Amino acid sequence: MKFRSILAIFGDFRPKSLGIALFGAILFSLFIYLHHFGITSPLLYSLLALLALAFYLKLPRESGFAFGFWVGIAWFYWMALSFRYYELTYLIPFILLGIGGVYGVLFSMALYLKNPLVRALLLWLLSHVQPFGFDWMVPEVMLVPSLLDSSKLSFGLILLSLSLFWLLPQRWLKPLPLLLLPFTLYSKPFSPSLPPFEVEIIETHIPQEIRWEREARARIIEENLKRIDAAILEGKALILFPETAFPLLLNKEDWVLEHLAQKSQEIAIITGALRAEEGEIYNSTYFFHQGRIEVADKIVLVPFGEKIPLPDFLVKPLNRLFFGGAQDYRASASKPVDFELHGVKLRNAICYEATSAILYEGSPQFMVVGSNNAWFYPSIEPALQRLLLGYYAREHRTTILHAANRSPSGIIAP
C-alpha cells in the first residue's frame with residue numbers, strides 16, 4: 001500500500017483541507033484560551049459557541065481527523081507537561097502525537113457521515129467517550145461562560161436547531177429552527193448558596209520542582225501553620241488548603257498531626273497530603289475539627305498521572321521503564337466522602353476527581369476541592385478545570401470551594 005493511500009484512511013491532508021480543519025479547531029477551542037486570559041463576555045462566548053458548533057456540523061468529512069487532532073492538542077497539550085518532572089521530557093512530542101491521534105480518530109468517526117443530525121447526536125454523546133478513563137472532553141463546557149445553558153437538554157436543543165438550519169432547503173425557513181435558542185438561555189440562581197460560616201480559601205504558588213525538597217518542605221509547613229494562625233485571628237470557621245499542601249506522608253508525621261489537631265480546637269482545617277498504609281500510597285484529604293481527624297482518600301485517579309490504566313501485567317514493566325519502579329497510587333474503593341461542619345455537609349474531592357460525575361452523586365450542596373496545578377504550569381489547564389467545575393456546579397446546583405496551587409482559588413457557584 002502506498003504512503004498516500006495510508007494517509008487517505010485518515011482523510012485529506014492537502015493544504016485546503018488542513019486549513020479548514022485548523023480553522024474549525026480554533027473555533028472549537030478558543031473559549032478556553034479566552035477564559036485563560038480573563039475575558040468575561042457572555043455574549044461573545046455565546047456567539048463563538050454557536051459559530052463553532054455550526055461550523056462543526058458542516059465540516060468536510062475529509063477534514064475530520066485533522067480537526068480532531070488539533071482539537072485534542074488545543075484542549076489537552078498540557079497533559080504532556082507533567083512528564084518534565086519525571087525526567088521524561090523527550091517523550092513530550094510522542095505524547096502530543098498520541099493525544100492528537102486519539103481525538104483525531106474519535107472526531108473522524110463522528111464526522112464520517114455528512115448528515116448534520118447524525119453529527120449532532122454523536123457530538124452530544126461524545127462526553128460519554130472516555131479514552132483510558134479520561135473524561136475532560138465535554139463539548140458542552142463551551143457554554144459555561146456564555147448566556148446559554150450547558151445542560152445536556154439545552155446542548156441537544158442547540159445542536160438540533162443548528163442541524164435543522166443546515167438541513168432546511170428553503171432560505172426563508174432556515175431562521176425557524178433558531179427560535180429554539182431562547183429556550184436554551186441559562187437561568188442563574190438569584191442568590192447562590194454559600195456556607196453559613198466564614199471560610200479562608202488558600203491559594204499557593206509553589207513550583208512543583210521544589211515542593212518535595214527537604215528545605216522547601218520545612219518552609220512550606222511553617223507557612224501553612226502561619227496561615228492557620230492568621231485565619232484564627234480573623235475569626236474564620238474553616239481554612240481550606242490545596243492538594244498535598246503539606247508535602248509529606250502526613251499520617252507518618254505525628255508532630256504535624258498533633259499540631260494541626262491542636263489548632264483545630266479553634267478552627268476547622270481541611271488540607272491535602274499523602275497517606276501511606278501497608279505499603280500503599282494514597283492521595284488524601286485530612287479534616288481536622290475539635291481535635292478529631294478524618295481522612296478521605298482520592299477515589300478517581302488521574303490516568304497515566306497517578307495510575308496507568310492498563311492491564312496489571314503491563315503496569316509494572318512500564319513503571320520500571322519510565323518511572324524508576326515507582327508504584328501507582330491507590331484509590332479508595334469507597335463512595336465519595338462528606339465532611340460535616342456545624343451541621344453542613346461538605347463533599348470532598350481532590351483535583352481531577354472534582355470533574356468526574358461520580359463525585360456529584362446526590363447533588364451535594366457544597367463541595368471542597370483541593371488542586372495542585374503546578375504539574376501543568378504554565379498552561380491553560382486551570383482554565384479548563386474551572387470551566388469543568390462550573391459545568392458540574394451548574395448541573396448539580398453545587399457550590400464549589402476550590403483551593404489551588406499555582407492557579408486561582410475561589411468559590412465557583414452554579
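Each position is counted from 1, following the chain as shown.
Just so you know, glycine gets a Cβ as well, placed from its N, Cα and C.
Per Swiss-Prot, the features are:
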- 19-39: transmembrane segment (TRANSMEM)
- 40-60: transmembrane segment (TRANSMEM)
- 63-83: transmembrane segment (TRANSMEM)
- 91-111: transmembrane segment (TRANSMEM)
- 121-141: transmembrane segment (TRANSMEM)
- 153-173: transmembrane segment (TRANSMEM)
- 202-414: domain 'CN hydrolase' (DOMAIN)
- GLU243: active site, proton acceptor (ACT_SITE)
- LYS298: active site (ACT_SITE)
- CYS351: active site, nucleophile (ACT_SITE)
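Scored by C-beta pairs under 8 angstroms, the transmembrane segment (40-60) has its highest count with 153-173, from the stretches 91-111, 121-141, 153-173. Of the ranges 63-83, 91-111, 121-141, 153-173, the one with the most Cβ pairs under 8 Å to the transmembrane segment (19-39) is 63-83. Here the transmembrane segment (63-83) has long-range neighbours at 10-13, 17-18, 20-22, 24-26, 28-29, 32, 56, 89, 91-92, 95-96, 99-112, 136-137, 304-305, 375-377, 379-381, 384, meaning same-chain residues at least 6 beyond its ends whose C-beta is under 8 angstroms from one of its own.
A Cβ distance under 8 Å defines the sequence-distant neighbours of the transmembrane segment (153-173), meaning residues of its chain 6+ beyond its ends; these are 49-50, 53-54, 57-58, 116-117, 119-121, 123-124, 139-140, 143, 179-181, 183-184, 186.
Using a Cβ-Cβ cut-off under 8 Å and counting only residues 6 or more beyond its ends in the same chain, the transmembrane segment (91-111) has close neighbours at 10-11, 56, 59, 61, 63-73, 75-77, 79-81, 83-84, 119, 122-123, 126, 129, 131, 137, 322. All protein chains considered, the CB of LYS298 (active site) has 24 other CB atoms within 10 Å. Taking the Cβ of the residue listed as 'active site, nucleophile' as centre and 10 Å as the limit, one finds 26 other Cβ atoms among all the protein chains shown. Confidence for the domain 'CN hydrolase' (202-414), expressed as mean pLDDT, is 91.
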